[in-house]
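Novice: Before anything else, here's the structure in question.
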Amino acid sequence: LPLLLEATLLRLASGSHHPFYNGFYYNHLMNDKGNGQEEVDYFNGAKLVVETSKDPVYSSNGANVTLPCHYHYEPDMEAKPKIRIKWSKLRDDYTKEQDVLVAIGKTYMAFGDFQGRAHLRQVSRREASLVISDVRLQDDGKYRCEVIDGLEDESDVVDLQLQGIVFPYQPPRGQYRLNFHEAEQVCQEQAAILATFNQLFQAWSEGLDWCNAGWLADGTVQYPIRLPRKPCGGLHLAPGIRSYGPRHRHLHRFDAFCFSSGLRGEVFYLDHPAGMTLEEAKQSCQDAGAEIARVGQLYSAWKFLGLDRCNAGWLADGSVRYPITKPRANCGPAEPGVRSFGFPSKGRFGVFCYKER
């Protein structure tokens with residue numbers, strides 16, 4: 001019996017997402033009366049309705065979150081004791097949906113990165129809410145809640161948005177040196193992931209203005225402009241997100257737009273009267289029971305913890321930067337931001353360290 005149940009769950013997870021066919025259950029009969037309209041006949045005489053949150057659900061890296069989902073019937077009727085429930089994550093590039101969890105009754109199975117982190121919350125009648133613990137950057141996105149009662153199959157979508165920050169990134173080699181896969185890698189090395197279009201749009205609406213084009217998670221190349229100017233698409237274009245569209249993921253090279261969320265620890269600054277080389281800086285962080293901070297961690301500390309330091313410090317990628325929340329004289333431009341000195345081959349600076357809580 002357990003093997004049979006597991007096989008059923010796996011079959012449910014691998015089902016198609018055609019509106020009227022989920023792999024092995026039909027849910028509607030279409031009766032063409034010849035007048036251009038179709039009549040829907042529900043097998044059990046009642047319509048199954050699935051509802052999720054119409055507003056986005058917000059969370060952050062390392063937190064726990066509940067994606068609400070409930071179902072009912074019109075007219076009201078009793079549901080079967082073993083309703084089938086499936087949660088899947090919609091991909092930004094519109095490829096096959098990612099299986100998250102399937103359940104029959106109180107037995108469920110989670111898949112992939114969601115194993116050990118996802119389960120159903122069914123504390124109220126006809127609830128099918130999904131609980132995700134230890135939220136990760138990759139969890140941001142849209143999720144489908146699908147409820148199957150015999151031959152009835154209905155679903156709705158809820159949007160999980162991580163509170164985070166988008167930052168442009170160039171490697172030490174300079175501008176436009178990354179293909180798509182290298183862009184993915186450098187973002188991961190900076191405690192981040194490639195940003196989605198929605199994340200870039202949100203950053204643009206909050207003031208991000210960057211003239212260099214960068215990869216996004218869907219394989220497109222775009223850049224945000226608040227102040228139109230000649231080198232950035234021309235003066236005749238309105239402010240917005242400029243797009244090069246999809247590019248060849250191996251051949252074409254651009255910068256990257258990375259996304260980082262809240263921290264599970266703290267970023268702090270260490271200094272030495274004579275400054276430090278990069279290797280000395282790494283050792284100083286280790287001596288303090290920490291590690292040298294990565295770019296995404298510095299941006300997150302600036303954005304969410306208000307880190308403000310006018311002293312430049314090394315980061316793990318060999319860059320030297322400093323975060324300013326309260327602009328002032330001798331600390332760079334008049335706007336808040338993370339200032340960069342690039343990747344100096346020589347020089348002695350302080351260091352930003354990161355320590356888990």
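The backbone N, Cα and C atoms fix where each Cβ goes, and this holds for glycine too.
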Novice: Would you mind checking which of CYS285, CYS331 shares a disulfide with CYS310 in TrEMBL?
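Specialist: It is CYS331, per the disulfide annotation in TrEMBL.
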Novice: For the C-alpha pair, I'd like the distance in angstrom between CYS310 (disulfide bond) and CYS232 (disulfide bond), rounded off.
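Specialist: CYS310 (disulfide bond) to CYS232 (disulfide bond), Cα-Cα distance: 30 Å.
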Novice: I'd like the per-state residue tally for the domain 'Link' (266-355) from DSSP, helix first, then strand, then coil.
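Specialist: Split into helix, strand and coil, the domain 'Link' (266-355) gives 21 helix, 26 strand, 43 coil.
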Novice: What does the DSSP secondary structure composition of the domain 'Link' (165-260) look like, as residue counts for helix, strand and coil?
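Specialist: With helix first, then strand, then coil, the domain 'Link' (165-260) has 22 helix, 30 strand, 44 coil.
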Novice: DSSP-wise, what's the residue breakdown of the domain 'Ig-like' (46-158) into helix, strand and coil?
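Specialist: Secondary-structure composition of the domain 'Ig-like' (46-158): 6 helix, 60 strand, 47 coil.
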Novice: Tell me the Cα distance separating CYS331 (disulfide bond) from CYS211 (disulfide bond), rounded to the nearest angstrom.
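Specialist: Pair distance, Cα basis, whole Å: 23 Å.
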Novice: Can you name the residues of this chain that are 6 or more positions from CYS331 (disulfide bond) yet have a C-beta less than 8 Å from its C-beta?
Specialist: CYS310, TYR322, ILE324, ARG339
Novice: How many other Cβ atoms sit within 10 Å of the Cβ of CYS211 (disulfide bond)?
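Specialist: A count of 14.
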